[in-house]
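*Asks:* Reproduced below are the annotations present in TrEMBL:
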type	residues	note
ACT_SITE	Asp116	active site, charge relay system
ACT_SITE	His343	active site, charge relay system
ACT_SITE	Ser529	active site, charge relay system
COILED	237-264	coiled coil
DOMAIN	107-570	domain 'Peptidase S8/S53'
DOMAIN	605-695	domain 'Tripeptidyl-peptidase II first Ig-like'
DOMAIN	715-799	domain 'Tripeptidyl-peptidase II galactose-binding'
DOMAIN	841-1027	domain 'Tripeptidyl peptidase II second Ig-like'
Amino acid sequence: MSYILNPPLNKTPEFHSTISFALHSVSLSPPFLSPHLGRRLRRLARLRKSTSSSIRVWAMPQSQGLEDEAAKVGRFKLNESTFLASLMPKKEIAADKFLDANPHYDGRGVIIAIFDSGVDPAASGLQVTSDGKPKVLDVIDCTGSGDIDTSTVVTADADGRIRGASGASMPVNSSWRNPSGEWHVGCKLVYELFTDTLTSRLKKERKKKWDEKNQEAIAVAIKHLDEFDQKHGKVEDSKLKKVRDDLQNRVDFLKKQADNYDDMGPIIDVVVWHDGELWRVALDTQSLETNSECGKLADFVPLTNFRIEHKYGVFSKLDACTFVANIYNEGNIVSIVTDSSPHGTHVAGIATAFHPKEPLLNGVAPGAQIISCKIGDSRLGSMETGTGLTRALIAAVEHKCDLINMSYGEPTLLPDYGRFVDLVNDVVNKHRLVYVSSAGNSGPALSTVGAPGGTTSSIIGVGAYVSPAMAAGAHCVVEPPSEGLEYTWSSRGPTTDGDLGVCISAPGGAVAPVPTWTLQKRMLMNGTSMASPSACGGVALLISAMKAEGIPVSPYSIRKALENTSVPIGDLPEEKLTTGAGLMQVNKPYISRYLPKGDQQLPTICRGVQVEPKFHDDASKLEQLVPFEECIELFSSEKSIVKAPEYLLLTHNGRSFNIVVDPTNLSDGLHYFEVCGRDCKAPWRGRLFTIPVTITKATVVRSQPPVVSFSGMQFSPGQIERKYIEVPHGTTWVEATMQTSGFDTARRFFVDAVQLSPLQRPSKWEKVVTFSSPAAKCFAFPVEGGRTLELAIAQFWSSGIGSNEITKVDFELAFHGICINKEEVVLDGSEAPTRIDAQALLSSEKLAPVAILNKVRVPYRPIEAKLSTLASDRDKLPSGIQTLALILTYKIKMENGAAIKPLVPLLNNRIYDTKFESQFYVISDSNKRVYAMGDAYPSSTKLPKGEYTLQLYLRHDNVQYLEKMKQLVLFIERNLEEKEVIRLSFFSQPDGPLTGNGSFDSLDLVPGAKEAFYIGPPSKDKLPKDCPEGSVLLGAISLGKLSSVVMERGKDPQKFPVSYQISYLVPPNKPDDEKVKGSSPTCTKSVSERLDEEVRDAKIKVFASLKQSTDEERSEWKKLCMSLKAEYPKYTPLLSKILESLLSRSNIEDKIHHNEEVIDAANEVVNSIDKDELAKYFALKSDPEDEGAEKLKKKMEMTRDQLVVALYQKGMALAEIESLKVGRLTCENLIMNMFNVICIAHKTNTACKLSSLTINLEGCQSTKTSLIPLLQLVLEPQMTK
């Protein structure tokens, strides 16, 4: 999720002289009706592909006047008014001048959709517009995180009370109209609606009040105990003892309560009904209130959908959290909308806040209205979801919005690709919405722009700018910079397909409104998240003026005007990769009407260069497409380097032409050029399109060993040095040393290293380095040989401000590498090792491999797949197509508690660059308790032992796509415990894993020479539990040793700068034919045989349950016993059950006869067992991995125990008979008899489980205690053997 800080998306064009170029902003228009029928407006924003509409937007060419504007931004003197103005920057983009000249064009008539974490309609400045209209038109939770199931319908009883979903009985307000008498009920844990910050505050406050009450209760309990002790003194009476124990237990319990305190949060009841006109909702929030008379259902002022009445509620005074209610699906779903962070309200405030008493704190467009589309899912820590994004686009079209602002983003694999991009293009092209989004906060390296703002052609991507006034006022910097500059962390272009990436820049910080639950009115935030709404507000001013003047609005015309009139930031051409066209200026564009020949979108480039004007979907073929024809004159910013044709004739079907780039005479480093197209007949219209050409000419490393140094670099606050190096082939890691000098106050640096690879997200290594004093620091990072590396070193924009000292930096890069013949090491599950060929191409390296397996992935197939059509309330696309949902259900069994992570390789780690709309999973147990939820970026969740259900929700409008995913494989990944981690062994011989010879430790690699070694599979007895057939064990292998940084060998290879993934496929226990031949005969039994066994076991189970309390019951038992023995005469489990039943009898009159029966039963058990076979089995070692062998082992162990018990009980019966006959047997004779009996067991090589045997000797405790050691003495040697 990217707001405040957008995740990195690293893209650096490369060339050994690397060239990347792409078609930028194109707006093509037919001839003018008149040369200047326009009106000058100030506006901002930019689109990567632009076209004119029935209006014509052009701009005056850049002049000295714009440079003067840039200079004015840097000259300021801070006073009270300029301080307040710096908190909500508008002067930087000339919005203040525009509003002074056009006070009624302040955003009136413009609706902005805020795609963010949710907007608090009660926040300061967000109640009304400058002309008195409601500021917030609608508040929608597009994620579904606040949805409550209210499909349960109840009716009121005679007392007017209903039973809520929580089980509480609640009176309803008699004044509420409900003609049907039906009340829909649901409930929700309120903490699920709150942010973590708010929940933490509430828990702290609730715990404080609970502690106060608990301490009072403890004090009372101790007082009662003390009074009792004073009154009774030492207690001897048993009743008084019980009373005192009760008083003491009460004290102990109250004290223990504090240790076991766990606040799961209050439950709120939700009630929905139809009043004959509208659906209404009311909440019971008594559980949140400290006063039991507050929060009652009957006292709640009913709400309906926000867009109808614009009303909201507050849960309680304790939380001060505003919420909105929306009702869907005929009252069966209620959406309680709260924000998932203060971010969305802050963004809305920058764009549109209106403070009539504090106009300097107004947003950029105080007259504009907004709809809040919450795309940050509260269940996922405010991460955006595909469902939320799609529903937000639907809502923006439904509300006829003019603008969209989205201050969110993620890294992306491919620019201009994915389902969301397709939907955005449809919204922009067909419905003419202007889409503005943050470029990202992953700078200062190049190609770090994020999706969608920096990588989508139909979206205006905005970079973050800081002016001297902002630095002094909002950031409270003592000595601000003399000139404005881009924030150090603002993401840079170009994109991987060569486009500029950043379109324009706008102020990237503000002190703006935040939600009421934060307990403050405003807050400082900075980021491209703040720059985007600043630019969006500027565009709202322009659209407001265009609507007032009756000029049709086209997103393409707006973008072209913004790019042509922005003030450049910095003097070098390559600064455009940082700032885009520059700092937007709302008061510069000019607008005029022209002949309505259609809206043509910016052309695109595919490296070879194809210019294709695109028209809105409703363009007339005969009246607009056929007549379209433009004579274009092409200009190169440097003809000696970039050459293009002078003219081309462009028609609706487009035109291709060649661009020749000659970088031969360029110096090492970054170079930026442009090819632009202008209307031959009206060159004053400015640029119609721009083709960026970015060239990075890399430094070639020629020294041996390969080292490159950059000495004497000088830094001031905000300064960035970019170095481009052609990484030598064979390099896999770099060891860097950074030496600083020339300062006496702390300095903070950003160090980024970026490389581009085909069809991969740009690889980026980054480090923030702080020097408290001049020193040298070392670090290592991975690289890919043969590709250009951008090394970006930046002194943070506010680091060192106020000091006149220049920081000097020397930077050295030493290239190292050990290359192997595999990108991933795979052990296939066999006993054979895997050969690895290693080679050092650059210099001598120490080959010292380390490999571990520390994760396991278990695959699962769904047990159920359910396809359904979603309700049309929220899920019908603007095109009218209904969204479908596929719910896949997986059953997961946890043999032991562990932290697990669900993985879907097809879908994970992609939100914008995927053709699938959404993914969402929920893990719950059999009681429907939810343990985890997740989306594209799954996280680990601790689950206790048990069985769980995982439901995966997928959405798309194409049923064929969803049908193909009905058997989607899902992996459950868990980290192995430290004791389970497998450290793999290395060998110099292929037979090493079996013979144990030829172990491999390390050796010195000579440059150019190739060495081989083998990595052995893990031993079968070391495989972790819960690792079934088909699972994959994962880990890492590292190969080298660092020369400059000490690294302890034998530890985690993932801590080495470069490591490779290693996997082991868990094989089946044994081949199927072995199972048949082996020790699992049950697999060959026929159905009839298996049925007979089931019947036999059922009979024995019934027999074992029979009681023998009466003579009649004993008679029935004897009959069944004789019948079963006749049917299964030698079946040991049956005979053992007969013996067990005899021993369970009580109230025995003739003990001698009973013991004789026990002896006979024990003999039958002993005779039914093949003692030679038993002895032979336990003399051999069985294979623990053989499933059949494991079953046989259990059977033989059970037979052994039955034999020992039979022998033991026989001995006991013999001893008791002799005791009864002679009156009392001496201990010595009894022990000798027992010894003779046990010796029989000794001869059968069996051992008895002494803990499970009971010695039932009457009146002979000395014999009982001396017998156990003797049994151990006889049996222990055999157990050991």
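From the backbone N, Cα and C atoms, a Cβ is placed for every residue, glycine too.
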*Asks:* How do the residues of the domain 'Tripeptidyl-peptidase II galactose-binding' (715-799) split into helix, strand and coil according to DSSP?
*Replies:* 0 helix, 50 strand, 35 coil
*Asks:* Which residues of the chain, 6 or more past the ends of the coiled coil (237-264), have a CB below 8 A from one of its CBs?
*Replies:* 189, 191, 203, 206-207, 210-211, 214, 217-218, 221-222, 224-225, 228-229
*Asks:* Which range wins on Cβ pairs under 8 Å with the domain 'Tripeptidyl peptidase II second Ig-like' (841-1027): 107-570, 605-695, 715-799?
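*Replies:* Out of the listed stretches, 107-570 contacts the domain 'Tripeptidyl peptidase II second Ig-like' (841-1027) most.
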*Asks:* List the Cα distance (Å, whole number) between Asp116 (active site, charge relay system) and His343 (active site, charge relay system).
*Replies:* 7
*Asks:* Would you mind reading off the Cα separation of Ser529 (active site, charge relay system) from His343 (active site, charge relay system), to the nearest angstrom?
*Replies:* 9
*Asks:* For the domain 'Tripeptidyl-peptidase II first Ig-like' (605-695), what are the DSSP-based totals of helix, strand and coil residues?
*Replies:* 8 helix, 43 strand, 40 coil
*Asks:* How many other Cβ atoms sit within 10 Å of the Cβ of Ser529 (active site, charge relay system)?
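*Replies:* A 10 Å sphere around the Cβ of Ser529 (active site, charge relay system) contains 33 other Cβ atoms.
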*Asks:* Taking 10 A as the limit, how many CB atoms besides its own sit near the CB of Asp116 (active site, charge relay system)?
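*Replies:* The answer is 31 other Cβ atoms.
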*Asks:* For a quick check of packing: other C-beta atoms within 10 Å of the C-beta of His343 (active site, charge relay system), how many?
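*Replies:* His343 (active site, charge relay system): 27 neighbouring Cβ atoms within 10 Å.
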